[in-house]
Amino acid sequence: LFDGVYPFYPQQRKAAVFDVSTIIVIVVFLALACSFLLIIPGIRGRARLYWTLRVLLSLFVGVVIVVVQFTGDWETGWVQANTSYKSFSAAQVSADIGLHIGLAGLNVTLRGNPVRQINETINYNEHFPWSFGADYDLSYSQGLQKGLPSPILYVAEKFSRQSPCAVHGQYRIAGHYASAMLWVAFCTWVIANILFSMPVLVYGGYMLLVTGAFMIFSLLSFSTVRNSPTCLIQIGARTLHVAYGGSFWLMLAVGLLCFVAGVTIVAMHHLNLDLLKTFFDLREDKAEECQEMPEVLINPHVSNGL
């Protein structure tokens, strides 16, 4: 026992892609979506469809901007290899080794193939943070003290400060600036929604373009790590390669969606403003615009001279 916990895990283990923060964000946005669906029956006519489309797309963009801050699959890689399991031991295991890189750190996954080998259950997932305020080398030292398997420590050592690969600083700075730009994109997304609720739709379109621009800037910031020299991660006879993961491509798709939506709104403002106001349910009633002359009643009993 280690502080009353068996075998080596006194702290909570972090999931590779989803963690508690991600789940909280998703639940909050789902609550907002469900609240809107409760009031949607009160909207009449075709405006109900327009409101549903606008609100759900807007919430989707917002939840993606926030969730990718906490996901760990901006870059991912898997390899299956026969490797040593522990230091100072000749025992070999067949395992799948995964590397999941996010903005705030990385996860190393080790899963036996099969899971039960050498009288042990081989199923590990360890998180090593590098965000500002976190100490990556301390997490690595704690992994050494806990006696983590050799493949996990080997992969984690490649991203430490003392590693000859010298990629720790690049990933840390790139992740920090990418996260900062995403928070700016979230603020511009909020401003765009405020402008869309007012009769200034074209400015909401411009702000939506700014939101998409900051999303793309965050991707460019994270992509700068590709300019650093590659460092081979050799596990047994196999090499672990990483590529852009689901969060990266999802952010790219949402950023392009914001660009397309912003350009469409700006173009409709100049080409067909009435249709744009109809979509946003801001079109004034034609009866009020016409302001017809009220009907005049003449009393026939009154003489013409009066």
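Glycine residues also receive a Cβ, built from the backbone N, Cα and C atoms like all the rest.
TrEMBL annotations:
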{"type": "TRANSMEM", "residues": "20-39", "note": "transmembrane segment"}
{"type": "TRANSMEM", "residues": "51-70", "note": "transmembrane segment"}
{"type": "TRANSMEM", "residues": "90-110", "note": "transmembrane segment"}
{"type": "TRANSMEM", "residues": "180-200", "note": "transmembrane segment"}
{"type": "TRANSMEM", "residues": "206-225", "note": "transmembrane segment"}
{"type": "TRANSMEM", "residues": "246-268", "note": "transmembrane segment"}
Proximity of the transmembrane segment (246-268) to the transmembrane segment (20-39), 3+ C-beta pairs under 8 angstroms: no
Same chain only, please: residues at least 6 beyond the ends of the transmembrane segment (20-39) with a C-beta under 8 Å from a C-beta of the stretch. Say none if there are none. 52, 55-56, 59, 62-63, 66-67, 70-71
Near the transmembrane segment (180-200), which same-chain residues lie under 8 Å Cβ to Cβ, leaving out any that are not at least 6 residues past its ends? 54, 58, 61-62, 65-66, 68-69, 207-208, 210-212, 214-215, 217-218, 221, 251, 277, 280, 282
